[in-house]
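The structure appears below as structure tokens.
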Amino acid sequence: MAVVKTTGKKDFDRSKEHINIGTIGHVDHGKTTLTAAISTVLAKKGLAEAKDYASIDAAPEEKARGITINTAHIEYSTDKRHYAHVDCPGHADYIKNMITGAAQMDGAILVVAATDGPMPQTREHILLSKQVGVPKMVVFLNKIDLLEGEEEMVDLVEVEIRELLSSYDFDGDNTPIIRGSARGALEGKPEWEAKVLELMDAVDSYIDSPVREMDKPFLMAVEDVFTITGRGTVATGKVERGQVKLNEEVEIVGYREEPKKTVITGIEMFNKNLQTAMAGDNAGVLLRGVDRKDIERGQVIAKPKTIIPHTKFKAAIYALKKEEGGRHTPFFKNYKPQFYFRTTDVTGGIEFEPGREMVIPGDNVDLTVELIAPIAVEQGTKFSIREGGRTVGAGTVTEIIK
């Protein structure tokens, strides 16, 4: 039964902290059923709108970095927080979603069917979560209702999950594992509804509040540069994180070995003067003593000594399939595409892991990239792989080499 959302203050309580979360795990282990169960159980408390399996499973397409991904976003609240929850129908959609950062997860709910235990995609999703920087996950051990009287087997599955999490550097010993039945909760059985509420309590307490981008060091990617006669050089772009005030010192980073120091002497947005530019703003900043030739699109303006340009790094990449607009053929070790970071692309070469000869469209692989010019990147930076102006892959920097 759908519960009508009451239009009280509670629904749009801005004082609740916002967290992005998602369900991950092997195919048919119950991710979408659990997503439906969470919304349905919380709807009974007036904290969500009940969603059934079919409406979540018919996930709309969205594009991120030129890649089509089927993702279902639903929202719900607990007494403490407001959540945006992403669930993907297909395995390839999970990989694309995580690598492109279409939904940056602050934490994840790993769903494992107790009847099967961890399976190949369970491992792959845990590894991907580690690579793209998901800090913590809570485990829902599903389908417990099918294993009545088999307590020992369930205990063994739990041990296996904890060992698996620890092997990928998650805190396997302390990760909450909730035993339940998503289907039972969706059918309104009180003992299983209680388990969904227990799961959400664990998510509330174990998934840490993310450091909001406002608290991080200032960084703005340069999109455009122009000169104002008599005043100097202005760079425009979107502030990716942090904030900057008038007369603060910053560095221009990228393309050159050494950053250029300068001071911000003016900040404008929509032709209005500002004292501060902050994360999310599309702003223009006036830079003291900077010639037009000293700065270009693709560089970043950042708080001094907080980001350095690099040319070589390891990355997790997804190669688009032909049907997704990707290549029709594999690529080999001499492949030199463009790597698109923030506002610009730079040519680079690739090295495969030992034993790999090629990458076939649809593959999800780890490789090493070496760019022809240094770019401001760090662990977790997202990029697209392009050739001839079209996107053929997406990646996340997993480790800086030089």
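From the backbone N, Cα and C atoms, a Cβ is placed for every residue, glycine too.
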(request) Can you dig out which of the ranges 59-62, 87-90, 247-250 Swiss-Prot describes as region 'G3'? (result) 87-90
(message) Between 25-32, 321-328, I'd like to know which one Swiss-Prot lists as region 'G1'.
(response) 25-32
(message) Suppose you had to name the range Swiss-Prot annotates as region 'G4'; which of 142-145, 150-153, 294-297 would you pick?
(response) 142-145
(message) Between the candidate ranges 66-70, 71-75, 281-285, where does Swiss-Prot place the region 'G2' annotation?
(response) 66-70
(request) Tell me, if you would, which residue among Lys31, His91 (binding-site residues) has the fewest other CB atoms within 10 Å in the structure shown? (result) His91
(message) So, taking each listed stretch (25-32, 66-70, 87-90) in turn and counting its Cβ pairs to the region 'G4' (142-145) that are under 8 angstroms, which one gives the highest count?
(response) 25-32
(request) Between the Cα atoms of Ile144 (GTP binding site) and Thr32 (Mg(2+) binding site), find the distance and write it as a whole number of Å. (result) 17
(request) Work out, from DSSP, the number of helix, strand and coil residues along the region 'G1' (25-32). (result) 2 helix, 0 strand, 6 coil
(message) Helix, strand or coil by DSSP: which one applies to Ile144 (GTP binding site)?
(response) helix
